[in-house]
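Student: Below is a structure I'd like to ask you about.
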Amino acid sequence: MTLRITVIGTGYLGATHAACMAELGFEVLGLDIDPEKIATLAAGKIPMYEPGLAELLVKHVPGHPGSSGRLRFTTSYEEVADFGDVHFLCTNTPQKKGEFAADMSYVDAALDSLAPHLKRPTLVVGKSTVPVGSANRLAVRLAELAPVGAAAELAWNPEFLREGFAVGDTLHPDRLVVGVRSERAEALLREVYATPVAEGVPFVVTDFATAELVKAAANSFLATKISFINAMAEVCESAGADVVQLSKALSFDERIGGKFLNAGVGFGGGCLPKDIRAFMARAGELGADQALTFLREVDSINMRRRSRMVELAREQCGGGFLGRRVAVLGAAFKPNSDDIRDSPALNVAAQIQLQGAQVSVYDPKAMDNARKMFPGLTYADSPLEAAEGAHVVLHLTEWQEFRDLDPAVLGTVVAERRILDGRNILDDAKWRAAGWSYRAMGRPTVE
Ligand code: UDX
């Protein structure tokens, strides 16, 4: 008989995981405490922008023509406990207010709500990004609370998906990491992931702490790579060198590689910034804070990029923002996402507005979220509308739509043809040929 899987917490991670588990052929029940979210998902819709996810829901939730009917949703923990052989915990772990540490309250609440209903042998699998040591603590709590006792086991299986590529990353991950304490737990997870493993995805079996740490280490490494190249951009600016050429030359060294080596306005989002901070906080609790002091520098290089962009924009506006109009292209923290959490684009836009400029923002997908979070900014319905009368245009999220812009057309509506490329990705020759002054981060000024 095929395994029955439940997914607890149907936010970004959980909704994707649930849909992908159904795609792999399992009967899936997703749970969320928010009935509105459940209703949206059950209707085959998603409350965020993620390519391919809505299509997968429609393919599997009942009531759509030709759907498999394998994916259902509920708000009842009792139903979930009765249904599932394997329960995935996918609740989020945001940064605590006013501190670096991760807020574990959603993961704790999910386990505390599920465990008292577990009356038959089961595997509870944590996927959330948690401080190392959490799995150990949760395993003790699970055994205490579950009526079935030790037959309700815990495993840890961190998630590495990227927004914008969530479905592909879940169905075809680079690797699967499972922290387990028994052969039974490992066997169950091998069954869950039989398809990707058969396709050659490495399956790495570890203890709890190592599994938790792989996630923290991976995100720290990625953040470090970005801040490294951004630090090089700072040096390039002072030395008159070109960070784009530097990065390309580095990328040919296979030990370094070219991915995550794009200099610009830096990283944002709901993961990298908060995860490196939570990792530092946890290392401090463990007495290993010295090992991670470099992450403080990674964080501050990253934040410095935003201030640098504001400074460059001020220069381009003739030394002050008062009475100046600034167009901001991009609001999402990265392209192919409507997520604006800790978005460098909106942070820069807000700083500039605060300093007296009139800022008009356009993003292909993140406008609704941006309006809710930053109601004080002005929003435009197109790049052209945003650029109307602008003294400088800032390119801060590298959507394809912005790469495809015709600088000659945009040039007809601006007050000054000045573009600042905060992602180092626009075709500078094309912009210059259309009479624009093109300036990027970490590259020499060519007039
Ligand atoms: C990240 C990790 O990649 C993923 O494995 C983990 O599970 C969650 O955190 P995500 O937050 O979706 O995923 O975004 P990612 O694609 O990693 O980009 C993070 C930020 O770094 C974005 O703001 C992006 O614009 C920026 N970035 C990325 C750069 O500034 N330069 C680069 O070279 C790459």
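Just so you know, glycine gets a Cβ as well, placed from its N, Cα and C.
Keep in mind that TrEMBL annotations are predicted by a computer and have not been checked by a curator.
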Student: Pick the one from T2, T93, T195 that TrEMBL also lists for the NAD(+) site with D32, K37, T129, E163, K274, R341.
Tutor: T93
Student: Taking K59, K96, K334, K365 as the options, which does TrEMBL list with F160, L161, R162, E163, K215, F260, L261, N262, A263, G264, G268 at the substrate site?
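Tutor: Answer, per TrEMBL (substrate site with F160, L161, R162, E163, K215, F260, L261, N262, A263, G264, G268), from K59, K96, K334, K365: K334.
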Student: Among D32, K37, K215, C271, please name the recorded positions whose Cβ is nearer than 6 Å to ligand 1.
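Tutor: List returned for ligand 1: C271.
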Student: Within 10 Å of the Cβ of F160 (substrate binding site), how many other Cβ atoms can be counted across all chains shown?
Tutor: 18
Student: Under 8 Å Cβ to Cβ from R162 (substrate binding site), same chain, six or more residues apart: give me those in sequence order, or none if nothing qualifies.
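Tutor: Listed in sequence order, they are D169.
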Student: Can you give the mean pLDDT for the domain 'UDP-glucose/GDP-mannose dehydrogenase C-terminal' (327-428), rounded to a whole number?
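Tutor: It averages 97.
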